[in-house]
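Peer 1: So TrEMBL has the following annotated:
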type	residues	note
TRANSMEM	21-41	transmembrane segment
TRANSMEM	61-84	transmembrane segment
TRANSMEM	96-118	transmembrane segment
TRANSMEM	124-151	transmembrane segment
REGION	162-232	region 'Disordered'
């Protein structure tokens, strides 16, 4: 199996950047949602601990949410490392590995989310959560495939087609600059550029005139006159 494009319209480099954007956005969403849930459950737990009853019912959930928030922060940081590895001049595919490892751990943590929802929320919400997390896991797997194949491509010393063409153009431009020539063609010294001539049909047939002497073109040649008498 060889993956050449991402989503059918992006090359592997663009797909890797899109995967980093996806993980950055979703990690921020995870931090916001889980931080709110952690605040809610710790407040609820503190309500019991203040004097009514002591309950450790929410203790596993608060510990789990704390771990998820830490993982989401790490995922956000590794997304930045992924961007750096893709966009730097000499691309380093080994900078992709922190993002790959964190994405795998996050995908496994989604299974724990489903278990927690079944334990602390209703069954209906648990089923809905499973459907949502299946979509998220599928998205993460596709992003991992895209980044993995781009990692493999860079390890072979190759790059995307547009990158190869761009590098060839840059090498050709550098070579022409070293030779003292450019793609614009030969440049004449100042004042030595020849003036092009073009044919023109005049009074006495075809003749050539220069663009620089257009005032001579408007002058008609004197007509030929015949004298009937002797010349003086």
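In case you wondered, yes, glycine gets a Cβ from its N, Cα and C as well.
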Peer 1: In the same chain, who gets a Cβ under 8 Å from the transmembrane segment (124-151) while lying at least 6 residues past its ends?
Peer 2: 2-3, 6, 12-13, 15-16, 18-19, 22-23, 26, 82, 86, 93, 96, 99-100, 103-104, 106-107, 110-111, 113-114, 117-118
Peer 1: For the transmembrane segment (61-84), find every same-chain residue at least 6 residues outside the stretch whose CB is under 8 Å from a CB in it, and list them.
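Peer 2: Same-chain contacts beyond the flanks: 16-17, 19-21, 23-24, 27-28, 30-31, 34-35, 37-38, 41-42, 45, 95-96, 98-99, 101-103, 105-106, 109, 112-113, 116, 119-120, 147.
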